[in-house]
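The domain 'Cytochrome oxidase subunit I profile' feature in TrEMBL is assigned to A:17-537. The transmembrane segment annotation in TrEMBL covers A:39-62, A:118-142, A:169-195, A:207-233, A:253-278, A:325-352, A:364-386, A:398-422, A:434-459, A:479-500, A:588-606, A:661-686 (among others).
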Amino acid sequence: MERDLPNTAPRPDGELETLKRAWAVPRGFRLVTAVNNQVIGILYIGAALLFFILAGILALIMRTQLAVPENDLVSQDFYNQIFTMHGTTMMFLFAVPVVEALGVMLLPQMLAARDLPFPRLSAFAIWAYIIGGLVFFSTVFYDLAPKGGWFMYPPLTLKEYSPGDNADFWLLGIGFIEISAIAGAIEIVVGTLRTRPPGMSLVRMPIFAWAMLIFAAMIMIAFPAVILGTMLLEIERSFGWPFFTAEKGGDPLLWQHLFWFFGHPEVYIIFLPAAGLVSMMVPTMARHPLVGYRLIVVALIATGFFSFGLWVHHMFTTGIPSLSLGFFSAASMAVAVPSGIQVFSWIATMAAGRPRFRITTPSLFILGFLFIFTVGGVTGVMVALVPVDFQVHDTYFVVAHFHYVLIGGMVFPLFATFYYWTPMVSRNMLSETLGRWVFWLMFVGFNVSFFPMHITGLLGMPRRVWTYPEGLGWETLNMISTVGAYVLAAGVALFVFDLFRRFRPTFADSVDNPWGAGTLEWLPTDTYSTRSIPYVKSREPLWDQPELAREVEEGRHFLPGAPTGGRETIVTSPIDARPQYVIRMPGPGWMPLLAAVGMAGFFLLLTVKLVVPAVLSGIVMIVACFIWAWKLDHGPEIPSVEIGAGVRLPTYMAGPLSHAWWAMVVLIIVASSLYIAYVFSYLYLWVVSPEVWPAAAGVPGLPEEAWPVSAGVLVVAGSALVSAAGRLLPRPGRGARAFALLLGLGAISFLAALICEGLSHWQTGLRPTDSAYGAMVYMASFLNLQVIAACTILALYAIARYFAGKLDTERRVNFDNAALLYYYAAMQMLLGLVLLHGFPPLAS
Amino acid sequence: MGSLEDLRNPGERPGTFAMLIYLMLGPMLWGLHLTLIYGANTLICALGGGAAASRATVITATVLIAVPLSLVLLIQRRAGRLFGIADGRAGQRTYDAISRLTGLLSLAGILWAGTAAAILSACVQGR
């Protein structure tokens, strides 16, 4: 019986051709301009895999060095560089990027969207990551690699103890790779909440989408803390602002707080998406819906939150009061509960499988993951106990623990993912026979390598040692670990061999749902994703609607063509996924690549103190972004289109419903997280060293009250001017010069407030190099400068759009975004004024 | 949402913000609790306020946050209505269940951390 479907078949002549033309992928050398999520996704995953292999090679060098006592295969200094680069590369250049890459590749397919909402942002993120990552990694070949460990603790990493540019490469390189990660997070949040297919409410969303949503939210909160930390450390190294120098009121432990506030959630940032992938594969292999869908969602949310309450457990031995240790010890144990919920849910789904859970290569990797991750979880609870942590801190026990968590919790699910989803984008599946060899080599190799490290740790072997003397009882265990590492590497090498042999990327001729999965990524696809966007009624639509694939392919669901003639997808409401408008998306272009090159040049040239070329690179980036953005806002030239079922949707949206507004809100959350981390740092340093704050002898006093009041008035006036400018936006086709004037005055008012605030402290005689207090005061101005610079660029852009006739009461997204950021800037600056001028008198 | 007809209405209630708050109410209170007790303990110990003051602060914060959260758990459906999730709305039972279970886990986390005050000295270093 034919069901009631949004559109009828056969579809009109030429509809499919228009769709194909709109989504065509550039060929030849122009492939680098492609923005289609499948192209970007494959490239992204390939790059991440390359970094995984490079970091793995460094690990093999380390294991070879440690195989026998008193070995001198590599020098001590080089060993320091390679263990730092191994950890840094694995965490920053492999683990987070590969997860984002999977999000870019899989999410649009799982949500049956034609692409993520900001395809050029994805392209920018991938190119920034590839260029920056390769340059950063290459430092290991020039004796320029950082050597302070992947967490780069000061005072070791201050200029005094780490001269040269090695540490700067870490600080600037990582800072900008994190910008790439945040760009990806914006894409994922907006994509998950706004581009789901009609009918796919939050409670029907695939678990991987839930996991990615929480992953991206965690990046928004966690990454700004380490971005602030890297800024502080780089500024101290370059200009001598003493944030971490104890003699001037700074504190090296501030770095640890900032780093681990990012660093511990980072573990879950990596793990949650991997768990999401497992939650997608297990039901397919069991041929049974996931047992405890709600519980898994609860576990993901709870893990996301609890992971932010654990950072101090990396600092148990730093002299924090016992009671505080108790809070974080409790949280560290509490996080095991949601992780346990997921493990039991997967086991229950496997047990419910009918006729039984299928043992395939992905299944083997999942079972391996369950075993290894559970062991890592148990040792995690052990090190969450303060007395145990005191004993094993900085020993190989900890090395064993986190490799069990990270390799078990992330790498094994990732390899399951490669075997499971390769058929979605390849003409061939990977080999099942070789896959089983790969699994067993990796599983045995991993355990042989890392299990003995628990014992070497308990025997007292510290982390990061270059070599060790004979007679401590560590020799045999280290040799076993080294043998295991090579077996593990053999497994990875076999996988790479199979990948070269079998992986043949394609958009249209992929293997047809080989596992019999129930989710939308297994619908027939082409460069445009699915022919039509399905109307979804359950969590496993392909199981519950057996005709769905055929109906979608016949174009009988939503948006079967390209009614505007370009790239587009449906934007739906965040909770119930009701269609709201059709988003028009950009196609291929050089600008994301050029902007990424400019940004990489800016950061990397700055690292080697080539200031002028760095500034020129920064200008290239900004110009490229302007050109890129100029054509994004099409305006409502085609007012609305029919998508099916009698639903007619606008093709342009401004205000809180628009995806651009959502992206700006996400960006503001990131900026506010950064500022909250700053406020924490300010208060923390005051707690540590109140003697360098005003009112103490020899410390310049606060500026007269007229200064902050003037700055505050300017901020409020600037906001009012921006708001008034919004009300004076001209109607389409008309002019209203007062708009540009008011917006310009608003921008000037904010700049004046910024200068006023900086000057106010300068005229008291306070200098940023004087003390931690001085450094924190001027840091506030520096953070405000960043936001105001972004606001000014957006305001100038809006004014340019206005003079070009592309900004009016209907076509107003550019102005709305600038105004939103200005209002945020106003709040940040006012909060800063209250803190910097109101707190010291209160505290004294 | 039951039929194609429903898709023609693009608006929805509750708004995204209210729904997210509802689903994450418990964990947000847990976060508030941890921030308060850790901040207060650090500050009181640094300023030499004494163990008794620190302990009292932790216990007060724990009670002040755990009691309202427990109440929400007891009247979950009524709380759902307050956030705009009407009875019988599509997915209502799932949203309620997620909110209840995250709340329950958070309550356990709050009590677990709070009991530390009854066991440990407030300002003495563990080592």
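Glycine too: its Cβ is placed from the backbone N, Cα and C atoms.
Keep in mind that TrEMBL annotations are predicted by a computer and have not been checked by a curator.
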Report task. Please indicate, using numbers and ranges, the residues of the same chain that are 6 or more beyond the transmembrane segment (A:253-278) and have a C-beta under 8 Å from a C-beta there. Result -> 91, 95-96, 99, 102-103, 151-154, 207-212, 214-215, 218-219, 221-223, 225-226, 228-229, 232-233, 243-244, 300, 303-304, 307-308, 310-315, 318, 335, 342, 346, 366, 369, 402, 405-406, 409-410, 413-414, 416-417, 677, 680-681, 684-685, 688
Report summary line: Sequence-distant contacts of the transmembrane segment (A:398-422), meaning Cβ under 8 Å and at least 6 residues beyond its ends, amount to 90, 95, 98-99, 102, 106, 267, 270-271, 274-275, 277-278, 281, 284, 360-366, 368-369, 371-377, 379-380, 382-383, 392, 428-430, 435, 438-439, 442-443, 446, 450-451, 453-454, 457, 463, 495, 499, 502-503, 515, 521
Requested in this report: Could you pull out which residues elsewhere in the chain have a CB under 8 Å from any CB of the transmembrane segment (A:325-352), counting only those six or more residues past its ends?
Outcome: 268, 275, 278-279, 282-283, 285-286, 288-292, 295-296, 298-300, 302-303, 306-307, 309-313, 316, 366, 370, 373-374, 377, 380-381, 384-386
Query - Non-local residues, at least 6 beyond the ends, that sit with Cβ under 8 Å of the transmembrane segment (A:39-62) - result: 25, 31, 73-74, 79, 82-83, 85-86, 89-90, 93-94, 97-98, 100-102, 104-106, 119, 122-123, 126, 129-130, 133, 137, 140, 425, 485-486, 489, 492, 496, 505
**Report entry** Interface-richest range of A:169-195, A:479-500, A:661-686 toward the transmembrane segment (A:118-142), CB pairs under 8 Å
**Finding:** A:169-195
Report task. Averaged across the domain 'Cytochrome oxidase subunit I profile' (A:17-537), what pLDDT does the model get? Just tell me the whole number, please. Result -> 95
Query raised in the report: Any residues 6+ beyond the ends of the transmembrane segment (A:207-233) with a Cβ under 8 Å from its own?
Result: 96, 99, 103, 106-107, 110-111, 152, 154, 157-158, 167, 171-172, 174-175, 178-179, 181-182, 184-186, 188-189, 192-193, 196, 241, 243-244, 254-255, 258-259, 261-263, 265-266, 268-269, 272-273, 275-277, 279-280, 290, 293, 296-297, 300-301, 303-304, 307-308, 666, 669-671, 673-674, 677-678, 681, 779, 782
